[in-house]
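Engineer: Below you will find the structure I want to go over with you.
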Amino acid sequence: MTRRVRFAPSPTGYIHIGNLRTALFNWLFAKEQGEAGHFLLRYDDTDRERSKAEYAEAILADLEWIGIRPDAIDRQSDRIAVYDAAVARLKAAGVLYPCFETPEDLELKRKRQMARGLPPIYGREALRLSEAERQRLVAEGHVPHWRFLLPNFERDPFAPRRSEVTWDDLVLGPQVVDLASLSDPVLVREDGTYLYTLCSVVDDGELGIDHVIRGGDHITNTGIQIALFQALGFAPPRFGHHNLLTTVEGEGLSKRSGALSLRSLREEGIEPMAVASLAVLTGLSGAIEAAPDLAALGRRLVLTEVSASASKFDPAELERLSAEIVHALPAERVRPALEAMGVPPEEVDAFWSAVRGNCARVAEAAVWREVVYGAPSLPALEDAGFLASALALLPPEPWGPTTWKEWTEAVKGATGRRGRALFMPLRLALTGLDHGPELAALLPLIGRERVAARLA
Ligand code: GLU
């Protein structure tokens, strides 16, 4: 079977690490088949008020930052004519019916049902209206919304019976939703706009999506949507529902709050593979480690191993994973950033291998650039006699990886100092800091001229 998947965010905010989990589960699942796997980015933008072009652009850019390049892009707002046609088919089949209740009417009904200990399921009262009554309501200026008549009865829609929709979930295994436990969903609002449930099914059907992987908050929708696929004459795709991520406090993530958005993580200098690894590996068996690339991450993803309950994740893990990645980044990956900081192009390799172990983020290399090539603030020289001896013993250039050892051996011989008493005054005098990369690696980069000036 082919793997045609889609990621379907509504462009109403920046996507966060929980959204990325869904995107990556789909991407990695499809791309397990290599180029044959097809990933559609679908903007669910029928909510005109809240959908914004800038968010749509940001979603694409954020996915690209992670390494996800959609094979195709669609937006629901371009496909209204397709939904019109689907609605006409449902009406012709008699499974979409007009309802005239106001939200207040419905709320009152729900309260009455609850008070009587009944489940708050819509009782299909609008189906009892005769054609003449409907016409009268319309003539009086009432505008209907439209509900999908769930196939949960034999002959009498007012006598629903247990009607199981079942599917073999890619993550959770066999699943059952009883359509008799649900209200007929509204598919068309009073103002004629369409609801997600309709548009999503029409798109998945028309665009040949054969696998839908999404959050576990959609399980009930899936029961309804399978019935709708069938009413529209489409074979339903296979479904998988992954668990949701929550913060350590157990709170869900929200696009609206902007918390843990990919945008903010990128601005903070977190490495994209740290974000991708945490988004995918949380709630899977095995350790959470930074995967080197998406292909390696894909090999860790086994859908049937994803935990069924919500997974807490700790944003502090992002720092740890990101630092791990930065410590191992090859110079070629950071060359543009380092040159932009002012590291001489011919010294990028040596500079990066000297400092990367001391950087949790690439941007932190700027501190070491200043130490090596700039004018770090140096403490007042306390140990002037010792430093003067060290200055006198500086070897001539060229300097290389053994220069530090040769020099400090000579200083040790001349001054009798060893260990910390030997090295720390030199480190402080040369870098202004009591910690940092190996001086053996820094010394040749700082160079004789600057070293001499700092010791004087
Ligand atoms: N726009 C929907 C959401 O973000 C898509 C759900 C789905 O994958 O069908 O929840």
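FYI, residue positions are counted from 1 along the chain as it appears here.
Cβ atoms here come from the backbone N, Cα and C positions, even for glycine.
All annotation found in TrEMBL is predicted automatically rather than curated by experts.
Below are the features listed in TrEMBL for this protein:
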BINDING   Lys255  ATP binding site
DOMAIN    4-317  domain 'Glutamyl/glutaminyl-tRNA synthetase class Ib catalytic'
DOMAIN    393-455  domain 'Aminoacyl-tRNA synthetase class I anticodon-binding'
MOTIF     9-19  motif ''HIGH' region'
MOTIF     252-256  motif ''KMSKS' region'
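What does the local environment look like for each feature on the list?
Structural biologist: Shown in sequence order, Pro9, Thr12, Gly13, Tyr14, Ile15, His16, Asn19, Ser261 are the residues of the chain, 6+ apart in sequence, with a C-beta less than 8 angstroms from the C-beta of Lys255 (ATP binding site).
Here the domain 'Glutamyl/glutaminyl-tRNA synthetase class Ib catalytic' (4-317) returns a mean pLDDT of 95 for the predicted model.
DSSP places the residues of the domain 'Aminoacyl-tRNA synthetase class I anticodon-binding' (393-455) in helix, strand and coil in these numbers: 43 helix, 0 strand, 20 coil.
Beyond the ends of the motif ''HIGH' region' (9-19), by six or more residues, the same chain brings 43-45, 47, 50-53, 55-56, 58-59, 62-63, 215, 244-245, 252-256, 258-265, 275, 278-279, 313 to within a C-beta distance below 8 angstroms of the stretch.
Taken through DSSP, the motif ''KMSKS' region' (252-256) splits into 0 helix, 1 strand, 4 coil.
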Engineer: Using DSSP, break the motif ''HIGH' region' (9-19) down into helix, strand and coil residues and give each count.
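Structural biologist: Its residues divide into 3 helix, 1 strand, 7 coil.
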